[in-house]
Amino acid sequence: MSSKPDTGSEISGPQRQEEQEQQIEQSSPTEANDRSIHDEVPKVKKRHEQNSGHKSRRNSAYSYYSPRSLSMTKSRESITPNGMDDVSISNVEHPRPTEPKIKRGPYLLKKTLSSLSMTSANSTHDDNKDHGYALNSSKTHNYTSTHNHHDGHHDHHHVQFFPNRKPSLAETLFKRFSGSNSHDGNKSGKESKVANLSLSTVNPAPANRKPSKDSTLSNHLADNVPSTLRRKVSSLVRGSSVHDINNGIADKQIRPKAVAQSENTLHSSDVPNSKRSHRKSFLLGSTSSSSSRRGSNVSSMTNSDSASMATSGSHVLQHNVSNVSPTTKSKDSVNSESADHTNNKSEKVTPEYNENIPENSNSDNKREATTPTIETPISCKPSLFRLDTNLEDVTDITKTVPPTAVNSTLNSTHGTETASPKTVIMPEGPRKSVSMADLSVAAAAPNGEFTSTSNDRSQWVAPQSWDVETKRKKTKPKGRSKSRRSSIDADELDPMSPGPPSKKDSRHHHDRKDNESMVTAGDSNSSFVDICKENVPNDSKTALDTKSVNRLKSNLAMSPPSIRYAPSNLDGDYDTSSTSSSLPSSSISSEDTSSCSDSSSYTNAYMEANREQDNKTPILNKTKSYTKKFTSSSVNMNSPDGAQSSGLLLQDEKDDEVECQLEHYYKDFSDLDPKRHYAIRIFNTDDTFTTLSCTPATTVEEIIPALKRKFNITAQGNFQISLKVGKLSKILRPTSKPILIERKLLLLNGYRKSDPLHIMGIEDLSFVFKFLFHPVTPSHFTPEQEQRIMRSEFVHVDLRNMDLTTPPIIFYQHTSEIESLDVSNNANIFLPLEFIESSIKLLSLRMVNIRASKFPSNITKAYKLVSLELQRNFIRKVPNSIMKLSNLTILNLQCNELESLPAGFVELKNLQLLDLSSNKFMHYPEVINYCTNLLQIDLSYNKIQSLPQSTKYLVKLAKMNLSHNKLNFIGDLSEMTDLRTLNLRYNRISSIKTNASNLQNLFLTDNRISNFEDTLPKLRALEIQENPITSISFKDFYPKNMTSLTLNKAQLSSIPGELLTKLSFLEKLELNQNNLTRLPQEISKLTKLVFLSVARNKLEYIPPELSQLKSLRTLDLHSNNIRDFVDGMENLELTSLNISSNAFGNSSLENSFYHNMSYGSKLSKSLMFFIAADNQFDDAMWPLFNCFVNLKVLNLSYNNFSDVSHMKLESITELYLSGNKLTTLSGDTVLKWSSLKTLMLNSNQMLSLPAELSNLSQLSVFDVGANQLKYNISNYHYDWNWRNNKELKYLNFSGNRRFEIKSFISHDIDADLSDLTVLPQLKVLGLMDVTLNTTKVPDENVNFRLRTTASIINGMRYGVADTLGQRDYVSSRDVTFERFRGNDDECLLCLHDSKNQNADYGHNISRIVRDIYDKILIRQLERYGDETDDNIKTALRFSFLQLNKEINGMLNSVDNGADVANLSYADLLSGACSTVIYIRGKKLFAANLGDCMAILSKNNGDYQTLTKQHLPTKREEYERIRISGGYVNNGKLDGVVDVSRAVGFFDLLPHIHASPDISVVTLTKADEMLIVATHKLWEYMDVDTVCDIARENSTDPLRAAAELKDHAMAYGCTENITILCLALYENIQQQNRFTLNKNSLMTRRSTFEDTTLRRLQPEISPPTGNLAMVFTDIKSSTFLWELFPNAMRTAIKTHNDIMRRQLRIYGGYEVKTEGDAFMVAFPTPTSGLTWCLSVQLKLLDAQWPEEITSVQDGCQVTDRNGNIIYQGLSVRMGIHWGCPVPELDLVTQRMDYLGPMVNKAARVQGVADGGQIAMSSDFYSEFNKIMKYHERVVKGKESLKEVYGEEIIGEVLEREIAMLESIGWAFFDFGEHKLKGLETKELVTIAYPKILASRHEFASEDEQSKLINETMLFRLRVISNRLESIMSALSGGFIELDSRTEGSYIKFNPKVENGIMQSISEKDALLFFDHVITRIESSVALLHLRQQRCSGLEICRNDKTSARSNIFNVVDELLQMVKNAKDLST
């Protein structure tokens, strides 16, 4: 029975949820399914157990699982590979008399197959990894299914279980030397885990290994095995039916379903095992070496690729099987064409998640190379040993030294080449839980004969998986013959032949299986050999012999023999749907481990769920916490041993872990309750719906009967269910599980696993996804579509967005005319083979966003195809048959799931443009390097870690994009002579040495380069911003033709003059955000420089040589310390000059620059844009500014102007005078501004506005907010009225509290002068705090923003400032709610910023969000409660989700053609970012989406970030986007929007969602102001500057917001900005820092040494009397200066900035500096200690140069809990309290201090170590005294005057104590110390910030680990002598016992020891120490060697009765003798 559509009403409360749960359980339309997931899912869904007889015989073997094996399993942690029981396979038994032959298979293949393992020992057990999962899967499941076709019969056999056998001697040797342990399957899980961790090396394949077909021994072994038996044994080993070619029986196929394998199991397979390694290779027959009979010619896997798979989680190992008769088997027949076109079979052995869950996978036909195997003996050649080799572990000997590549040697006995490849360290990946995909099983496809016609004509079924399904199982076709079923199955598996079929067999030729992975070589054919010979050089790089060709064909990577590279991923024919929990192997970096989680919120639910577990894992060792300098080991053999700081490595680990955890979060289904019923809403074709209750295992075919009953459908016919996401619908397979699909889509939409997902299906979720129930009918076109089709031409066919399944019939008649075809956005589209073959002119094909998970097979038949676009799909592999598209020139595979490419790519000789961006490549797809005609490659947004050497073969490549990867090193590219552009942005590159001779454009933004040296002679543009670069130079050759150089956001402290001398052709130079104090004189050489930007540095002056830059047009110098112009600047022809935020004043009037400007100059005529905000200019500068006669834009905001009447500029269009001291505006002056469009006069002292402003007819922006306006608007003859300014778009009166707009009707003009509706263009009207007595105010609408509220909310003052920028529409909405929900302690502040708004009529969605959000939040708070913080956070989160649901519900209606108010079709690609601040009492909750940020500024100079930016380029956001099927291009999600979370964006769902990040803060007295702003503010201003401005205007948030806006515009912002400021406490007053000296309490100095300090409190006057004196010093500064002079210049500037900034905040006086040491005085102990603590914290958070953090004295150190306690420069501090002698320096006018007090303070500082604060006893006593006073105030409730004597002093101290308590402190008694130069010892106390208290423990441990003392040195000598005595006794020495125990020999007396130490230097002591240690090591080594060689240690004695004795007894006897001798001597 159908029901009407729901209205999507919300569930109200937990009680309602429980009722719905009960209804769901009771209303299930299907049978109750109480079976556990772990019991139900692993069973085959074919229901074949109900059938018997021939029906079972037609099917493949079905795998059954023991339900017990997983019934208690909830996560992967509980599944141990070694703890599994053997699993049997139930099958129909048909015994054969030949069964004993099959059982003898292991013994007959003993010499052939097990020899593979012997060979693997030579390659450091790497070949063992070639088995990959195969080895692992057979570890405990000793089974195989056998299907033999013998004598024309098709029979089935039971699985054969092979008994354990006793290993041979050779096998035993192999186990030892290959690193195998004797652990068996019965070992404990703990031992297995240790074994897993013990093997961490993955050896790449030796590319120069000779094929086994050349081995005479191989042929001999092959001949010894009878052909019949070999075929049967091969069937046993491979588990497939192998047919004799002479029988003539059609091949049949086993199609097991692919199952993801757990990574832990894979690692377990890596560990060599004595029983496992041999049996695995035996059971599965997988060739581990290139010398195997199946791997020599068309090897299914190379060593390197299998090694990669060994760490993967879901990859398929394939075996190419070819049947060649014994008479034709020879070493030459393997490559023959006849061998390639015999009847072929295929099998695909799949990895298993764990060893108890075998499953079958779909597979296609493949060929088998029948080259015999070789048996290679153990190599006895010497190898390189590591110094730390464990001699007791024989397996350790075979481990190759990673940096060493052992040269290949020839085995003369067998004629085979063996090589020991370079080792690559591959860390173990994270553990995973069991996914639903891993538990699902599929029935094997039925076997049938391959009929050629049906095979070529079969339909390719477009995969329906929206990357949301579990593993799919193939349903059993009904009513079809075996041949028909077989052919269809084969087509679904995309069988393609390696090349175009000949005429003879074009219809009857059976296409082979497409290449399943990058490592699977293509078929043998002449074209393949030719391309290999042509493109792949050998070791000499000049030719390629036949052996190299054969080796190349068996090696997917196609690398030359000299190449050793990290293996690429296997990409088998498996369905890795996104519900699989497995991860690709290459997700684990060869350099970076994947542990630690990122603080960024990729999925709050998962982070919260695992936070407890993460906290239990310490990052560093307990005994030694600091991290040494890390030497990166690149996969590329050219990678340098570059140093990287531990901080970066830890961050890499966090980023990598985030990726793994995020993928795990969405793909793990282990938390599902298999018995729980989930609600799902399914719609009918008439838009009615019904809600079903299903278990997770319920399939589509099980739901369809229930739906028929629900919808009362009695008609006959087939029905199906489609899934609609966005605008695309995909038909679900009968075996699909809708509940799992629904669940994952909900997670991708922002819901969490902890949410009630089981009842959410009751609601209308059609805005995200929609299940449609409909009959199976052909496509129906709308009239518009039919007209479009009829009108379309037949040459260029456009069939986009038509929901097609096949091309319309009409086009079949014109296929021969089609040249280009576009079928994009048709999710079910299939292009039949007939259509493709008949389109003989087809040149271009676009299949974008068809949501295919498989490569459309038939398109490889379009042999003339030139352009192919398949972006935005889920394609996991490219078939090898793509080689047939030899004419292909353009190939776009962007945004797929590719991990590798097939070897057939080498046939694409004409390929020129290749786009592989936004895929899953872990390793560079090296096969593309042999497409030598490539001109452009895009591999951005992958996870590539290194570039192989073979990249140099792309000699024609002009442009290469590798941005957003994980590259760490770029090596030599000198042979790529045509390379012009190289994009390497956003990688991890620390070193680059390309030597690219013709490279012109190089982009290196956001990498880790600290020193740039490269040879790029033709470089024209270099972008190297956001790198920790401290020096830059060019090796050997300088790029003289360079025109653009960008070095922004680096750490440069100077620019080498030689660099600028060589770059004489430079036109653009950017040096922003560095630490430059000057520019070199050589800048004058840049005579062609046009653009120069040195903003946000520390420049103290403009170099005079700058005046010689005659071509300079734009000069940006804002945010520096420049005080004056330079002579000669008047000769520059600048058009734009920005000197904002400098120290310019009136001094310019005194130099010649002013006089030269007065008489006319080039600058006065050329300058058009002059930005000079935030300086010290005043009215005396008007004559200078008037010289710029052509000035268009003048910005003089925040200067000292008080009168503009002297301004004579008439051509001005934009005038900014905000923040000055203007009180009036001259009418005559205004009349000169006839062209004025923008006038900013806010934050002045204006009382009235002249009437002449009405004459400014072009005025569009007028801001007079935050003034003191008080005038009568009706007096329009004398005061300004806006009636005549019709072009006004922005008008702001906010902040004028005395200004009144009163209704007044003028009879002269018969109009109301207060009417604001007369301004038709008005977009923003600010009337906050303005008195309104008129109704003539326009109503707010979608393109008009009105503010009329007061600037107080809940007693707290707030202010808003905004600007339209260059937009003509409203894009941001702010709203506040006072007394939210009627509660006095609640308020709500919201800021909604639009994205992708319509430029014509504004932004609709942001307005709707503003109007409805508060109501939604109220409902959610009522629903979830507000009793706890968690309840409120949940309500906030669901408020955004519900908001997004309602917004997209409206957009969904628009998309369906409904008429929705204020929304149009254009809004489907628009949305809004939101930041919500909810304050409840003292708790502040911040929730945000997108890039609007909120900052909490504190009065102690600190701040707290409350929000997180959701950008698509952030790795955690990017991973989520990719999992959901989206992509990122140019920093935008799907190329549309630059945020990853937002409300709206209907067309981007589920790639974008609305789950917010939420933070909670408990407000304290230190919290001063809240700043919420759109993203443009943070782009142009740093957070410190924002907080400084907010702190400066803490009492007036409206002025603070306005000043922030004005500064952003002065710094270059031209876009819209909205800023909201909230002062958190009522009656906040600006208070100065006080001292105990009354004279200094009220006075402040006003000199500014740095413009960054200008906004802070002025420096205090020097304190006198009792004061706190602090000395600071940098630890190891001399060493660092000598080691890194350039880096230390940058580091010292950072250090000084922190010191001086904190001094201003806490009120200290800088006495003087000596080098890097500071001497500082404070008037109170509390202020001094607070400053010390805060400086230590700031130093820890500073950005230090890479060189500083790469050494031990500056590296990152973490404590046991993982908290960083040291990083960067380490500063020691000493503080003392006393009364020094003040003395004023007459020259510097600085106060100095003298006397014993100063000396003692300096000595106390000398006691401290780096990071410590040493306090004298006097200071400690004074501090305790003040704290007792504070305790009396707090606990005793005494008044400040009673406690402190004076109230003002008490206020100061109490405020400082509050700051101190907000930081926290920890004191440790350091004991008494003798201070240098002082008589008495001083009791010293060490202080730390509270969060750094663990520093003390580290310092104590570090102190104990320092150099040994004298006593320890001589003790070591005693040990050495005693060990040598033992050696002498063992060797039969003649030294008597009494001589050996004499004190003079064994031990010096104290007198001798003192004499030695006094006579030697420190260097001699170190040499003595080294000598003693060497002696000890030698003795120990000799003793160990003797112990190993003999059964014991024999003491040689002179008497003949000496007996053999153990070494331990000998030692005991010797010690007893020594003791007895001592007793006798005493």
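Backbone N, Cα and C define each Cβ position, glycine as well.
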Item to check | Ser123, Ser487, Ser578, Ser585 - the residue Swiss-Prot records as phosphoserine | outcome: Ser487
Item to check | Candidate annotated in Swiss-Prot as phosphothreonine, out of Thr389, Thr860, Thr1562, Thr1885 | outcome: Thr389
Checklist outcome for this item: What Swiss-Prot calls phosphothreonine, among Thr371, Thr376, Thr617, is Thr376
Checklist entry - In Swiss-Prot, which of 405-429, 630-654, 1505-1529 is tagged region 'Disordered'? => result 405-429
Item to check | Among Ser325, Ser497, Ser1661, residue that the record in Swiss-Prot marks as phosphoserine | outcome: Ser497
Checklist entry - What residue among Ser562, Ser1243, Ser1254 has an entry for phosphoserine in Swiss-Prot? => result Ser562
Checklist outcome for this item: From the set Ser36, Ser178, Ser192, Ser433, Swiss-Prot tags as phosphoserine just Ser433
Checklist entry - What is the number of residues in the repeat 'LRR 1' (795-814) that are helix, strand and coil, as DSSP sees it? => result 6 helix, 3 strand, 11 coil
Next on the checklist: With helix taken as DSSP H, G or I, strand as E or B and everything else coil, how many residues of the repeat 'LRR 22' (1319-1344) land in each class?
Outcome noted: 0 helix, 8 strand, 18 coil
Item to check | Residues of the parent chain within Cβ reach of the repeat 'LRR 13' (1063-1086), under 8 Å, 6 or more residues beyond its termini | outcome: 1025, 1038-1057, 1092-1101, 1103, 1105-1106, 1108-1109, 1111, 1116, 1689-1690, 1693-1694
Checklist entry - Can you count helix, strand and coil residues in the repeat 'LRR 18' (1210-1232) using DSSP? => result 5 helix, 3 strand, 15 coil
Checklist entry - Averaged over the whole of the repeat 'LRR 14' (1088-1109), what is the pLDDT? => result 92
Next on the checklist: Under 8 Å between C-beta atoms and at least six residues away from its ends: which parts of the chain pack against the repeat 'LRR 14' (1088-1109)?
Outcome noted: 1064-1082, 1115-1129, 1131-1132, 1138, 1582, 1611, 1650, 1693
Checklist entry - If you run through the repeat 'LRR 14' (1088-1109) with DSSP, how many residues end up as helix, strand and coil? => result 5 helix, 3 strand, 14 coil
Checklist entry - Using DSSP, how many residues in the repeat 'LRR 4' (863-885) fall into helix, strand and coil? => result 5 helix, 3 strand, 15 coil
Item to check | For the repeat 'LRR 17' (1188-1209), residues assigned helix / strand / coil by DSSP | outcome: 0 helix, 3 strand, 19 coil
